[in-house]
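K.L.:
These came from TrEMBL, pasted as-is:
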TRANSMEM  21-41  transmembrane segment
TRANSMEM  53-76  transmembrane segment
TRANSMEM  161-179  transmembrane segment
TRANSMEM  191-209  transmembrane segment
TRANSMEM  230-249  transmembrane segment
TRANSMEM  261-285  transmembrane segment
TRANSMEM  378-399  transmembrane segment
TRANSMEM  405-425  transmembrane segment
REGION    566-603  region 'Disordered'
COMPBIAS  566-580  compositional bias 'Basic and acidic residues'
COMPBIAS  581-596  compositional bias 'Low complexity'
Amino acid sequence: MAFEYGSDTLGIKNPFKFEGFVLTIRGLIVTILGIVALLAVKDLVAGGAKLAGWLSLGIGVLLLGSGVIATGRGLFKVMRFFVGRGVPASLSQNISKSEAHVREGYIAYHDKDLEQMLMGRKNLTFVEPQGWLARLIHTVMPKLLFMPYPIRTAAQQLSSGLIYTLLAFLCYGLAWFSGSTGLTEISNTPVLDWLSIVLASFLFVIWLGRRSPLKRVVQVSVSGAGTGGVILMVLFSILAPVILSYIHHNVKPLPELPISAGAYIATMTGLGILATVYGLFLTFLRASKADPKTEVSEFRHNWQESIHPQEIFINFENIVMANRRYKEIPNRVYRDFDANLIEQGSNDKGKFSGEMIQETQPVYREIPTVPLFKQLRIAGTLIGETLLALAAIMFYLAIEPVTQIQNAVVPAIDALIYPTLIWIFGRIIANTAHIFWAEMHFQSLIVFFQCHGTYAESKVSTGVSIHDSTRSENVVVRSSMTPWIIASRIVTSCFAESGTNNLEYYRRILEMHKADDDLDKVTGEMREFLGDRETIASVNEKDLASASDIFQINQETRSVNAQAALEKDKKLEIPHEIARGETTTSGGTDLDSDSGLEIKDKE
């Protein structure tokens, strides 16, 4: 991924400054030697030493190229270490929407692996060693199993190199023993000298393959170390003296060798022991602080709440996990929720399930070590780069002996072989130290959330009276859910590199610790969210004030209208005819009492 700037940085410093400084000095020394060798070509040719001129030209170009490359790499390591807000690499594919534009190429796990590790309380990072030698090395150093893959591979390669060296001496001793006892006719013959050359060549090939035990820090797995090489060596040690003796006596006599390989064998053995002891001791100090726990914190419960299942996952992602962010950097989402609602028989009830895996932004932390570890790391860089510079100087000084190869063969060969051997072991020691410079640790919180349950819908209505002016009707979802939350504080390791992809290589889990405090906060925030929910839709204060104003207006309107209606009713009276009655002699009246009408009798 590209560099993503943020004003609030992660506080990760450049771990390669010292290594780059030493490498730059070595590169400048080698560059100067190359320039001097090239400048000497003209004088050598002018003096008639054309062969020396060509040799000086070849060595000068070789030294100049090597020096320029070393200087460039050293300066590159010293330069600013650009660290964006998106580092380090994710454990699995990050499916967060904010990181949809990022394409990470170094993914160490799948989301199913993370679920398996959290649910099963196990660490899939620590794989079983492959091969007889690998098992032997892990038996001698048990905590090597808990080291990152690059360190394990480097330790295995250095150990196997030393074991092969010892076995080579054993095979040479068997060959010598067979000749001294008369099993093979090699006495008073150059067979043993030829065997020593074969032994030296074998050691050269063995250690040449280990000059860069970890050139690619993106190593995916641990290299194996089996018994195949051991079997071949034993067979070779038995057959080689017989074959050489047969050739010497029956085919063609072997010529006497002008050189002895004993010094080469001693040099490779001594430097091999030094490189192996250095690498294994650094590994031992690093492994002594390993704490490979596989602990998690767990929460399981059953809740019955009036809430839609989707809201559980939305709250967990947007509120609960968002509160766990480091410096407001989005969490790594390895499995996003998808609350599958499955209807059962009708549209108002069913079941649901959903899962989510998130990791907070990994925070850089120092590797737990002892002071001696840091001192040995510095010493390894100094020794390795010093040997490489010494090899360059010896190559420069080899120009004169090589030009005299016709007169002195042995000095000319020594002048080329010894710098090569020193260069090989200098590279081994420098690269071994580089592994421990490159390792970086991060700490983060990883949470696995799983929720299953059932739901049922019902309607709740309020304000249905004829006197109520406000009515509310709500569809309430009653959910019975069983949340399962697993949280762990994990320590992860990755290996940095100078350049654009400095912290984007594989990151692997080394430790898993309980996260009780974090889990308590997560569950507390979820319970608080469920407790503050309202089943019936409420009205806020502004709506209540508006409704009150409308009610007062309605009240005043009703009172005015009622008074006007009463006054109008008083004015609207029914007209009646009033008749005056006359009193008769008999004491009666001529007025009907019921109707108030005048009634006259006929005479």
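Here the Cβ of each residue, glycine as well, is placed from N, Cα and C on the backbone.
TrEMBL annotations: computationally assigned, not manually curated.
Because the structure is a prediction, the values reported are computed rather than measured.
Help me see these features in their spatial surroundings.
P.N.:
Cβ atoms under 8 Å from those of the transmembrane segment (378-399) belong to residues 18-19, 22-23, 25-26, 29-30, 33, 36-37, 40, 52, 55-56, 59, 62-63, 66-67, 70, 278, 282, 412, 415-416, 418-420, 422-423, 425-434, 436-437 of the same chain, restricted to positions at least 6 beyond its ends.
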K.L.:
For the transmembrane segment (230-249), could you work out the same-chain residues 6 or more beyond its ends whose Cβ comes under 8 Å from its Cβ atoms?
P.N.:
132-133, 164, 167-168, 170-172, 174-175, 178-179, 184-186, 189-191, 194-195, 198
K.L.:
Restricting to the same chain and to residues at least six past its boundaries, which positions have a Cβ under 8 Å from a Cβ of the transmembrane segment (53-76)?
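P.N.:
Long-range Cβ neighbours of the transmembrane segment (53-76): 20-38, 40-42, 44-45, 388, 392, 395-396, 398-399, 402-403, 498-499.
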